[in-house]
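Contents: one structure, followed by commentary.
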Amino acid sequence: MTIYIQAEEQVQRNTGQIRLYGPEAFEGMRKASQLTARCLDELVTMVKPGTPTEKIDDFVLEFGLDHGAMPATLNYRGYRKSCCTSKNEVVCHGIPDRKPLREGDIVNIDVTYVLDGWHGDSSRMYPVGRIKPFARKLLEVTQDCLMKGIEVVRPGVKTGAIGQAIQTHAEAHRYSVVRDFCGHGVGQLFHDAPNILHYGRDSEGIEMREGMIFTIEPMINMGRPHVRVLGDGWTAITADRKLTAQYEHTVGVTKNGCEIFTRSPAGLDRPGLDDPS
Ligand code: MF3
Ligand code: CO
Ligand code: CO
């Protein structure tokens with residue numbers, strides 16, 4: 001890893017303006033995102049009772065380095081790990097540690113690789129061994145929320161339509177949508193404009209245009225939507241300690257819809273949900 005960068009390659013800060021990207025950017029995002037997806041695929045066999053989340057983190061770092069990529073979270077705003085591992089009542093930003101995963105846990109693994117300057121950001125839920133039917137239901141509905149949000153993406157539609165689709169589906173199942181975290185523009189910056197809310201109305205937000213690139217990453221709670229951040233400054237948990245789930249894709253707006261950059265090449269976008277229970 002070089003510590004020097006050409007000044008003209010330096011990407012501007014998040015200025016609030018919304019970047020519209022062309023074909024080369026889409027190709028860069030495809031490559032970075034597919035590496036992230038392949039890593040999340042590899043993790044399927046590693047997530048089982050007894051595996052410490054730190055071992056997952058080690059794998060994410062190694063796999064990235066082996067393929068010329070860096071985990072974007074490493075040293076991001078003081079964060080010291082290569083991924084986030086958010087278990088059970090942890091909404092997001094769970095820090096990998098030495099504690100072993102236990103049968104019945106549900107864990108979100110969120111990976112962002114930077115490859116040739118482009119960020120591919122994605123997360124999936126992984127059941128640990130056999131999980132309870134109510135946990136499985138939460139995962140299914142949350143995955144459906146993500147896909148329903150993605151389905152409305154196309155030029156001319158407002159970003160609020162994504163939130164409306166997600167909120168409507170979550171609340172139909174008596175779940176709640178976390179308000180404190182949202183999706184985000186992504187590209188050469190990890191977190192860029194616009195914010196993508198996972199709740200709201202289709203008359204809200206900004207109009208989507210071809211070439212926009214952002215994440216959709218709904219966090220859906222079994223209980224109330226409120227979250228609390230622990231003393232480590234990162235770990236966000238549900239205030240009522242009930243179960244929560246999240247899935248995330250990075251997408252690019254195309255002429256007629258969108259391209260899901262982080263889709264699993266192995267068909268493992270919903271680990272554990274497609275095999276019989
Ligand atoms: N990958 C997360 C996201 O989806 C961000 C994690 S930032 C970290 O936006 F510092 F907590 F790792
Ligand atoms: Co994200
Ligand atoms: Co992420």
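Cβ from N, Cα, C; glycine included.
TrEMBL does not curate its annotations; it predicts them automatically.
Matching Asp97, Asp105, Asp116, Asp121 to the divalent metal cation 2 binding residues that TrEMBL gives (His184, Glu217, Glu248) identifies Asp121. Residues Asp121, Glu248 are given by TrEMBL as divalent metal cation 1 binders; from Asp110, Asp232, that same site also lists Asp110. Proximity of the binding-site residues (Asp110, His184, His191) to ligand 3: a Cβ under 6 Å from the molecule is found for Asp110.
The 10 Å shell around the Cβ of Glu217 (divalent metal cation 2 binding site) contains 25 further Cβ atoms across the protein chains shown. Among the binding-site residues Asp110, Asp121, Glu217, the ones whose Cβ sits under 6 Å from an atom of ligand 2 are, in sequence order, Asp121, Glu217.
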